[in-house]
Amino acid sequence: MTGTQALRHHDNFLQVAKSYYQLTKPRIIPLLLITTAAAMEIASKGQVSPLLLFLTLLGGTLAAAAAQTLNCIYDRDIDHTMLRTRARPIPSGRVQPLHALIFALVLASLSLALFVFFVNTLSGFLAMTGIAFYMLIYTHLLKRHSIQNIVIGGAAGSIPPLVGWAAVTGDLGWIPWILFAIIFLWTPPHFWALALMIKDDYAEVDIPMMPVVKGEEATSEQIWLYTLIVVPFTFLLIYPLAACGVVYGVAALVLGFVFLKKAWRLKQNPFDRDIARSLFKYSILYMMLLCTAMVIDSLPMTSHLIATIASLFSCS
């Protein structure tokens, strides 16, 4: 898009930049970054280099932005149909698909270069794998054709902790794969709660989301089952892996209890969109606080504090 063409839909170049920024769906990215950071802190036992953390999160941001931009290009037809998404940069005509593609390729190239030259090759490979899986498997093969679209496609959003772990250690082990699995199992309750809220939008464009195909009752049942699996699964980081300790354990217990309570409430009231909205919002908070607890638990000062408190009780 030339400057003249861009300004047909914008008053100034700041608005052009804003349109390209909106292509990246920036509200999605912070959650991906906090899962990356949590893996890095656990891998380094709370002593990750600030520079390495910054470079890895920057590379992850660029990769996620590239993936979301490519998604906007691919889904421009359904985005144009749905009232909720009609004002996005491509369907509204503010950004041309070809220029969005160039933008996405530049972002992906910068991400790969940053990882390979300043972090390591494995983390770069994993980041690019995430983009490829998101576009080829989820967006192209599954989203419009399978009721299991976000179940299988959720693997793309589960890759960030693998990237974070690889950035610190240069390899992968059981712990990062458990982190991957936690996010993978968390994704269906999170996304199906959203799908319950906007079921009509998906139905309008023939996207076979669970609520559209199976209905609200079946969806709420599946949400409950996945929540029932993911909450106890989070405790594998404590036993047998011993990757996290008391602080994380308490947080996982409390956060998990609330998650289960909200999922059960939705199961009892599957047609209540306010309850679905409450669960959707909480699922985001759940993952962010769970990862924050991982970070706090991994810090050396946390271990020292717990040891000090334990010694005081033992002396008394």
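Each residue, glycine too, has its Cβ placed from N, Cα and C.
What Swiss-Prot records for 28-48, 50-70, 99-119, 122-142, 150-170, 178-198, 223-243, 244-264, 293-313 is transmembrane segment, and it gives sequence analysis as the kind of evidence.
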(request) Using a Cβ-Cβ cut-off of under 8 Å, list the residues of the same chain that are 6+ residues beyond the ends of the transmembrane segment (150-170) and lie near it. (result) 32-33, 35-40, 42-44, 48, 52, 56, 59-60, 67, 115, 119-120, 122-123, 126-127, 129-130, 133-134, 137-139, 142-143, 176-177, 179-181, 183-184, 187-188, 191-192, 195, 209
(request) Quick one: find which recorded stretch in 28-48, 50-70, 178-198, 244-264 has the most Cβ pairs under 8 Å with the transmembrane segment (122-142). (result) 50-70
(request) Report, as numbers and ranges, every residue of the chain located at least six residues beyond the transmembrane segment (28-48) whose Cβ falls under 8 Å of a Cβ in that stretch; write 'none' if there are none. (result) 56-57, 60-61, 64-65, 68, 157, 160-165, 167-169, 175-176, 179, 183, 237, 243-244, 284, 287-288, 291-292, 294-295, 298-302
(request) Mind checking which residues of the chain, 6+ beyond the ends of the transmembrane segment (50-70), have their Cβ under 8 Å from one of its Cβ atoms? (result) 23-26, 28-29, 32-33, 36-37, 40, 100-101, 103-105, 107-108, 110-111, 114-115, 118-119, 123-124, 127-128, 130-131, 134-135, 139, 156, 160, 163-164, 167-168
(message) So if I exclude everything within five residues of the ends of the transmembrane segment (293-313), which remaining residues of that chain have a CB under 8 angstroms from its CBs? That is, six or more out.
(response) 37-38, 41-42, 44-47, 237, 244-248, 250-252, 255
(message) Checking distant contacts: for the transmembrane segment (178-198), what same-chain residues at least six beyond its ends satisfy Cβ-Cβ under 8 A?
(response) 35, 38-39, 42, 84, 150-151, 154-155, 157-162, 165, 209-212, 216, 219-220, 222-223, 226-227, 229-230, 233-234, 236-237, 241, 243, 259, 263, 266, 270, 273, 276-277, 279-280, 283-284, 286-287, 290
